[in-house]
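Presented below is the structure to which this report refers.
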Amino acid sequence: MTEVMQVYKCMVCGNIVEVVHAGRGQLVCCGQPMKLMEVKTTDEGKEKHVPVIEREGNKVYVKVGSVAHPMEEQHYIEWIEVIDDGCVHRKQLKPGDEPKAEFTVMSDRVSARAYCNIHGLWQSG
């Protein structure tokens, strides 16, 4: 059974999906069950993976890590998203980009997630 906002990865082809509607079935890709990406908040490498949120009014600035995360061809942040009162705002990134994003939000309480192509899903807030 899936839950809204869970992230799954195909360990065969690398497809990544985020659940937008919960269901009872199992997510399958390439003939194999997809792997649920567990959300990490603290662990080894925290200084380079946990999103750091700064706020000025309704502007939210997110950078990945208190020490900038590498953005190299083999190791980079694929996306950053902010969850704002049920709304999801996402910025896709690629190697060479800076590991940061800016969003306009309406609620007072937000959280941020970032996905590292090697170390998985990280969250703060």
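Every residue, even glycine, has its Cβ placed from backbone N, Cα and C.
Listed features, source Swiss-Prot:
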BINDING   C10, C13, C29, C30  Fe cation 1 binding site
BINDING   H49, H69, H75, C116, H119  Fe cation 2 binding site
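The structure, with features from Swiss-Prot marked on it.
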residue : record                   : Cβ within 10 Å
C10     : Fe cation 1 binding site : 18
C13     : Fe cation 1 binding site : 9
C29     : Fe cation 1 binding site : 18
C30     : Fe cation 1 binding site : 11
H49     : Fe cation 2 binding site : 28
H69     : Fe cation 2 binding site : 25
H75     : Fe cation 2 binding site : 14
C116    : Fe cation 2 binding site : 22
H119    : Fe cation 2 binding site : 17
Cα distance (Å, whole number) from H75 (Fe cation 2 binding site) to C13 (Fe cation 1 binding site): 17
C30 (Fe cation 1 binding site) and H49 (Fe cation 2 binding site), distance between Cα atoms, whole Å: 29
Candidate binding-site residues C10, C29, C30, pick with smallest Cα gap to H75 (Fe cation 2 binding site): C10
Chain-mates of C10, C13, C29, C30 with C-beta within 8 Å of site centroid, Fe cation 1: M11, V12, G14, N15, G31, Q32, M34
Inter-residue C-alpha distance, C116 (Fe cation 2 binding site) and C10 (Fe cation 1 binding site) (nearest angstrom): 15
